[in-house]
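Asker: Let me give you the structure first, and then I'll get to my questions.
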């Protein structure tokens, strides 16, 4: 028997069905597509959003270049969130440019028909494998096979039936009918499954051309009480639009209304046509230029069961999100890919592959494995889409009002891009096809050195860490160790090196040294990271300065644990959010101080206290050397944070500014590493000198561990070094959670953090951990990609590697 004897029957010639067929062709697996309509790509008036996760899969099967060509000269430059009067609440300039530099693949909006044409055009077999006018009547199980009977009496027999026929899936209804006949499930399950399908909104969507006053490069979300809009510019002066109107109450199953007539649509427009999309364009203006439109209820559901016996569901027949998020088509493509992955693993685990076909239990195992791999992601997508819709349509008026009037205007564009990135990178890939090597900054999940961690363990780890830091913050441990000094009588016989070591030990344990290092180097760098725009970390130096000005001696007791808590929730570990704001770098470069001169200046600043302690050992100098630099540090920290508050980098950037994407070039990494290593060197040297002083001259018993312990608790308040150590360990955990480092690398780094507390001190190991963290994050941005300057989104040679 030849391999061609194994056949998959795909019901539905939409995005999921045609994508699946293209994937099967890549592995020479026979299939037939049954399409109810008379053509594969009918002009039904629907638009489609494609995201980087879906485009990567299309790239694997050779469709990306053709899809991108369909959207030639198309670019979403600006993304707006607007209020009910059309006024901009939040704006992201260079929107498409940022997306492409992060993921290589853009966000595309165009006619659904265009994607179907591309997918259909890729087929090697069209006439014999695509059956039009083939509406399914019934599914008939057979011994070792399954048959599909169409309404015109034709019968198609294969090994698996894949239902890719949408939310009103005939195959899902047939699957439920067969489940009831088999009576292998709990009573009433089928009725519950169908009747639980919820609907909260109805949607009028369509395509318009030549809308006056509408920009050709904008995406807009407009909110309102009970109604919201998504309007997106497209190629060829097209405008794709959606009006979402909340139903008076939630409807389920058979209660969900259906809209068939243009009279329904006209009544809808009478109610909502006057609403503003922008300050100069109403919904009626857009609707008047329509070339197609459809009014439909919006189902939002993830079905509990995606397969039974030889039936498998993919796409909207298995999961259907609200379209405001634009992820429905991508989710369908991803599920089709996961089905192929599981099918090929089953093939590879069999001695004769698919030559002898698959048993019913084998097919059911494939369905379960596919659903297990996809269920968490699609539930998250459906939940996120509903939350997004609820926010824009004021389902909770108080919450939406607070977010739109207070928080959204404060959020930086980086926040929106970060939320999108978390959605894009987690999709699957076709595991048996090479992944094209494309220039991008943020790695996809399959490119990571280790599998990302998720689930409850991640939530519990964060909660435990935050509770520990909060306890240290609220109930700081007492410092029971006093700085020991050599008895006065021993001075005449002291070794020559004692005074120098004593001075270094004082510097290591002085409040001034710790404030300068932790304040300027650690807090200062973190507040200027691009990913921290719009977060409390952005203005954290102001908080520290206020603590210092209040004179509560809280600069390290409270600042370090609080910084660790904020970082656990707001720290950006994406390669795109890691760099320092380019405006800050530009300001620093304009001063034209060489790094060597700057390091020498810092070194002189730290040696002056040592020299002063040697020449004038009195306590007055020590008090002055603590108070004056501390005052300077307070003022500079305040100015640093105030500079962040007034930072103009959150303003819209000029679209022709060639430097607006400099954050993706990792140009700041050498300077940051130099700063951290300087911090490490000075802190480690002072720590080692202090330990030597304690051990040789001040300890008495010459107990090395007691000397180290004395330095640890004297150089910093216990809450500070516990906060530093805890923050370092949690940062190591976060990199492992994200998959940026392997378990072995994380374990080695954690061990180094623990041992480093005694060997070089808390401050030095904090700097060393940040050097390691900086390198681990920066490495992700250059993973499997050539230089950005040589990239192009269309054309050029594509290298590939097996994954």
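The backbone N, Cα and C atoms fix where each Cβ goes, and this holds for glycine too.
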Asker: Looking at the ranges 555-578, 651-674, 675-698, which is given as transmembrane segment in TrEMBL?
Answerer: 675-698
Asker: TrEMBL lists transmembrane segment for one of the ranges 509-530, 597-618, 707-728; which is that range?
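Answerer: From TrEMBL, the annotated transmembrane segment range turns out to be 597-618.
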Asker: According to TrEMBL, which stretch among 461-486, 747-772 corresponds to the feature transmembrane segment?
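Answerer: In TrEMBL, the transmembrane segment feature sits at 747-772.
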Asker: Express the predicted model's confidence over the domain 'FAD-binding' (260-345) as a mean pLDDT, rounded to an integer.
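Answerer: Mean pLDDT across the domain 'FAD-binding' (260-345) comes out at 93.
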Asker: Tally the residues of the domain 'FAD-binding' (260-345) by DSSP class, grouping H, G and I as helix, E and B as strand, and everything else as coil.
Answerer: 41 helix, 21 strand, 24 coil
